[in-house]
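Working notes, structure below.
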Amino acid sequence: MKVAAKLEHINEQILEACRTVNRKPDEIKVIAVTKYVSTERAMEAVEAGILNLGENRDEGLLKKWEVLGDKPKWHFIGTLQTRKVKNIIDKVEYIHSLDRLSLAEEINKRAVKPVKCLVQVNISEEESKHGLTPEEAIEFIIQLQPLKNIRVEGLMTMAPFTDDENVLRNSFRGLRQLRDQIMELQLDYAPCTELSMGMSNDFAIAIEEGATMVRIGTALVGEDG
Ligand SMILES: *Cc1c(COP(=O)(O)O)cnc(C)c1O
């Protein structure tokens with residue numbers, strides 16, 4: 001199926017989720033996660049009007065960047081090795097996976113201007129998941145204060161791998177509550193307004209729970225049917 005057709009379907013679902021909770025659709029950024037697909041498919045997504053693309057590896061991002069440049073805004077959504085920061089730092093609009101001080105220090109050192117970052121939280125505290133626990137996230141954000149090139153725009157999480165709507169909803173709600181707690185600290189370098197949560201299978205629930213960025217791969221750019 002064409003990306004344009006898939007986008008239309010996703011947009012309908014976003015509208016419906018917004019209607020359910022009285023939100024405005026323009027509060028939500030749709031990030032097309034292109035990590036599984038070709039550069040051509042990513043280009044098709046941009047031509048369909050998608051403004052934000054997400055990649056989880058530096059190789060994938062650089063390969064597509066060669067062709068697409070900064071026509072779309074790039075979001076780095078995967079585990080970022082410290083030594084790879086220099087490869088992507090001048091190409092990305094947001095880094096969604098800030099999860100440790102050594103990484104923050106490297107971003108701070110390599111950047112020529114403040115970088116929009118999201119702190120990755122393991123809200124369900126699953127062993128297998130990356131990210132900080134809620135308690136760690138608060139302490140971590142406080143530690144970032146001296147790093148002038150780090151701006152904490154918000155939080156990111158990956159929900160547990162389940163179809164249980166209550167479990168998903170509770171995770172997203174937990175991230176929003178943590179975000180609100182951090183906002184209350186009123187740190188000038190950490191406005192923390194963004195919530196990056198929700199993927200192909202759970203983005204509607206995430207939007208109902210306050211997502212401002214949804215990261216959609218398979219359902220939006222997947223090349224299968
Ligand atoms: C792959 C990936 C996504 C998108 O996953 P889909 O289920 O294909 O929508 C979103 N976020 C992150 C961090 C990912 O790695």
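A Cβ is built for glycine as well, from the same backbone N, Cα and C atoms used for every other residue.
What you are looking at is a predicted structure, and each value in this text was computed from that prediction instead of being measured.
What TrEMBL lists as domain 'Alanine racemase N-terminal' is 27-223. A mean pLDDT of 97 is what the model gives for the domain 'Alanine racemase N-terminal' (27-223).
For K35, the entry in TrEMBL reads N6-(pyridoxal phosphate)lysine. Non-local contacts of K35 (N6-(pyridoxal phosphate)lysine) by the CB criterion (under 8 A, 6+ apart in sequence, same chain) comprise G54, E55, N56, R57, G60, G78, G217.
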